[in-house]
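Taken from TrEMBL, the feature transmembrane segment applies to 16-37, 43-64, 85-102, 114-135, 155-178, 184-208, 236-261, 273-292, 304-320, 326-349, 370-399, 411-431.
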Amino acid sequence: MREKVKSGTLSKATKLGFGAADLGGNLFFTAMGFWTLNYLTDTVGLGAAAAGAAVMVGKLWDAVTDPLMGFTSDRTRSRWGRRRPYLLFGALPLALTMWLFFTNPGIENQLWLGIWAAVALCLLNTAYTVVNIPYSSLTPELTSDYHERSSLNGYRFGFAVIGTILGAGAVLPLVGIFGDNRSAGFSFMGAVLGLLMALSTLVTFLAVKEPDHSQAPKPTEKFFPTFLAVFRNKPYVIVLATYALNLTALNFVQGILVYYFKYIYRNEALTTLAMILLLVTAMLCIPISVLVSKHIGKKRCYQICFAVLASACLIIYFLGHRLGSGFFLAMMVYAGIGVGFGYVAPWAMVPDAIEVDAVRSGNRKEGAFYGMWTFTSKVGTSLAIALTGLILGAGGYAANLVEQSQGALEAIRLIIGPIPAAIFIAAMLLIERYPIDEAAYNAIVGAKASK
């Protein structure tokens, strides 16, 4: 028996409630993306290469748990549905582990400090996975309508950008409450952001109702066959690889941004303004991208994202250190256009690929697809962060040293310029092969529905 998914228009209350959890999710994503490496090197006192390695261990562990969580949620049957229970019971552990990671343990030995960082990151990333994988898997369950999914994800990413702006703009002010005691400031910041993450998750649990799966048979495929099967879906594989490249490039930029302002411009405080300019522009561009996608398609919108971001990285590399911080801030506005056009597109494309698979196979396994989605993207993310630490270390970076070596400064510029630019260009070329547009989607899904 094929499970039913709503095909009509969703209420605004449902869309708003669904989007709320991504506010917390992007508080997490932004705080970790922009500040993890810098927090470990400049506040905790872990060496750059060791910090990058600890982050990589945490991300690789996270990547392994993602498919397991997707596999588990696909097989869950409860009075709250198969995704919502994890939002309810995962909210508190997420808040606690966020506070734990950003609380400096005060360990002096570099080996034990590195082990602490890796373990704390594994715990935090596991808590995030327990909430995020079931949450992401809700998208194709709420509606099967091609444009309604874009609208649903538009609401979601409206909240995502608000969360991202809060995550970018609130970190330094919260840390600054404690003056020069950055350890106390980061601990307080972790507690506040953790609380907001938990509350936004609970709002979605209360606001969204899942389709009834109580009579649907549980998938019978074993773990490895289930996840290997997703690679038979060519459209999914293309958008999966593209998204992984996108996140990898973005993590190079996110992880190095605070270093750029601190050591190229010697003005760390401007980091917050740069993030806010980038993300406010992105938020304004999200509804524009949804409208544009109806005329030129989701794929072309995604390619606009990559073209803008690649050019921004290259311009910053060649001119950013010469023309000063004002020019860099202007480039953040330009880059925000690219980020805005890249928010909705992949999350609207992957449900289409999943729906095509469900129509052809007769089985719904959203958790498997989204588990592999985050597994692959986090492997790429972990490599970006690890390489950032290694490149900084190879360049001779020394934490909190006002006058960094020329090698360290060049390493910072490479990480924000040519490296992510090359990855964005590769992503732009790869997504060209994605075959599902509106006509193709309706031909496959509509034909099945009419039978």
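Keep in mind that glycine also has a Cβ here, set from the backbone N, Cα and C atoms.
Just going by CB pairs under 8 A, the stretch in 43-64, 236-261, 304-320, 326-349 that sits most against the transmembrane segment (370-399) is 43-64. Proximity of distant same-chain residues to the transmembrane segment (155-178), defined by a Cβ-Cβ separation under 8 Å and at least 6 residues beyond the stretch ends, is recorded for 15-16, 18-31, 34-35, 139, 184-186, 188-189, 192-193, 196, 200, 268-269, 271-272, 275-276, 278-280, 282-283, 286-287, 340, 343-344, 347.
Put simply, of 85-102, 236-261, 304-320, the stretch with the most CB pairs closer than 8 A to the transmembrane segment (184-208) is 85-102. Taking residue pairs at least 6 apart in sequence, the transmembrane segment (304-320) and the transmembrane segment (326-349) share three or more C-beta contacts under 8 angstroms. Contact check: the transmembrane segment (236-261) against the transmembrane segment (304-320) gives at least three Cβ pairs closer than 8 Å, residues 6 or more apart, which meets the contact criterion. Long-range neighbours of the transmembrane segment (85-102) within the same chain, counting only residues 6 or more positions beyond its ends whose Cβ lies under 8 Å from a Cβ of the stretch, are 21, 24, 28, 39, 69, 73, 76, 78, 120-121, 123-124, 126-128, 130-131, 133-135, 186-187, 189-191, 193-195, 197-199, 201-202, 204-205. Sequence-distant contacts of the transmembrane segment (114-135) (same chain, six or more residues past either end, CB-CB distance under 8 Å): 21-22, 25, 28, 36, 40, 44, 46, 50-51, 53-55, 57-59, 61-62, 65-66, 69-70, 73, 82-87, 89-91, 93-94, 96-98, 100-101, 105, 107, 201, 204, 367, 370-371, 374.
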